[in-house]
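J.: Just dropping this structure here.
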């Protein structure tokens, strides 16, 4: 035969997502769609959503790592928003970066202004020295 006709049909290669090609967990396709629909620029290049997804994944990993370190090793509790919020405020760089960000269900940070604290009197100082 001359090679015409049906030979073993070509199988289609399994599709790979852009996230798996980049080695990311965050969805590159969704980030690309949001960049296009958000009117941030007239055109969006192919590398921009990959880079943005990688940055978002890195920041998320850093935040979760800080919150995870805050948990005691003995307990098997989940990472909650108040713990995440406290961990962010204790970290200097992330606090500077995310200073104006509100975390849902994060609670409030314990902070008492020095003006509101009780004043130390002379009698309390003298009783402690005796």
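Here the Cβ of each residue, glycine as well, is placed from N, Cα and C on the backbone.
Per Swiss-Prot, the features are:
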type	residues	note
REGION	1-22	region 'Disordered'
MOD_RES	2	N-acetylserine
MOD_RES	2	phosphoserine
MOD_RES	6	N6-(2-hydroxyisobutyryl)lysine
COMPBIAS	7-19	compositional bias 'Basic residues'
MOD_RES	10	N6-(2-hydroxyisobutyryl)lysine
MOD_RES	10	N6-lactoyllysine
MOD_RES	10	N6-succinyllysine
CROSSLNK	14	ubiquitin cross-link
CROSSLNK	16	ubiquitin cross-link
MOD_RES	37	N6-(2-hydroxyisobutyryl)lysine
MOD_RES	76	N6-(2-hydroxyisobutyryl)lysine
MOD_RES	96	N6-(2-hydroxyisobutyryl)lysine
MOD_RES	96	N6-glutaryllysine
MOD_RES	105	N5-methylglutamine
MOD_RES	119	N6-glutaryllysine
CROSSLNK	120	ubiquitin cross-link
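Each of the listed features needs to be described in terms of its position in the shown structure.
T.: In the three-state DSSP classification, residue 10 (N6-(2-hydroxyisobutyryl)lysine) falls within coil. The Cβ of residue 10 (N6-(2-hydroxyisobutyryl)lysine) lies under 8 Å from no Cβ of any same-chain residue at least six residues away in sequence.
Within the same chain, no residue at least 6 positions away in sequence has its Cβ under 8 Å from that of residue 14 (ubiquitin cross-link).
Annotation note: residue 16 (ubiquitin cross-link) sits in a coil segment as assigned by DSSP. Sequence-distant contacts of residue 16 (ubiquitin cross-link), defined by Cβ-Cβ distance under 8 angstroms and a gap of at least six in the same chain, do not exist.
The secondary structure of residue 37 (N6-(2-hydroxyisobutyryl)lysine), as reduced to three states from DSSP, is helical.
Within the same chain, no residue at least six positions away from residue 76 (N6-(2-hydroxyisobutyryl)lysine) has a Cβ under 8 Å of its Cβ.
Around residue 96 (N6-(2-hydroxyisobutyryl)lysine), there are no C-beta neighbours below 8 angstroms that are at least 6 residues distant in the chain.
All chains included, 9 other C-beta atoms sit within 10 angstroms of the C-beta of residue 105 (N5-methylglutamine).
Here the Cβ of residue 119 (N6-glutaryllysine) has 6 other Cβ atoms within 10 Å, regardless of which shown protein chain they belong to.
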